[in-house]
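Below: one structure, written as structure tokens.
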Amino acid sequence: MATASFNMQSVFAAPSGVLTTRNIRNTNQLFFKRIAPVGVRCMAQGDPIKEDPSVPSTSTSATPPQMPQSPPPPVSKPKVSTKFGDLLAFSGPAPERINGRLAMVGFVAAIAMELSKGENVFAQISDGGVGWFLGTTALLTLASMVPLFKGIRAEAKSKGFMTSDAELWNGRFAMLGLVALAFTEYVTGGTLV
């Protein structure tokens, strides 16, 4: 047993040779056997196993210093599409924002004209409002599409009080308000204000 233990410990102590036992004439004798050097390469991946500091280590060898790991490369944002079909798609960035901007201008203009002339929305449209509507629509659509074709999104430039989310919500309320104004004036037959 002592010979086997000594033999196993000598494997680590003498990397160029190994002590072996041979049975010669019914007696065990130790022999030094020369072996070719063997390279060992560790290919483990992941985090190394950490030892519990409360348990004393039985190993006499010091752990090699850890190589500093480089940080992972930054994740690049996907490029935004600037194709006309993608911008005006149902889930694209342009339709709701453009319609909201038009509704905000339309709601304020309709209320202002009601206060100044006393006409309802339908009378305003029939008195030359179609030309103003088409001109405003073309101007706001073009002004809204130019930054989108350059790849600039409203979300990237929104800070402080006037954010892109606030613009979307104001546009949604203006769309509802304009429809509610027209419906109320149609049902009552007169102006709201």
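Placement of Cβ uses the backbone N, Cα and C atoms for every residue, glycine included.
The feature compositional bias 'Low complexity' is assigned by Swiss-Prot to 54-64. Positions annotated as compositional bias 'Pro residues' by Swiss-Prot: 65-76. What Swiss-Prot records for 46-80 is region 'Disordered'. Per Swiss-Prot, transit peptide is recorded for 1-43, and the stated evidence type is sequence analysis. Residues annotated as transmembrane segment in Swiss-Prot, with sequence analysis given as evidence: 102-122, 129-149, 173-193.
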Sequence-remote contacts (6 or more beyond its ends) of the transmembrane segment (173-193), Cβ cut-off under 8 Å?
99-100, 103-104, 106-107, 110-111, 114-115, 118-122
Please give the sequence-distant neighbours of the transmembrane segment (102-122): residues at least 6 beyond its ends with Cβ less than 8 Å from one of its Cβ atoms.
132-133, 136-137, 140, 170-171, 174-175, 177-178, 181-182, 185-186, 190-193
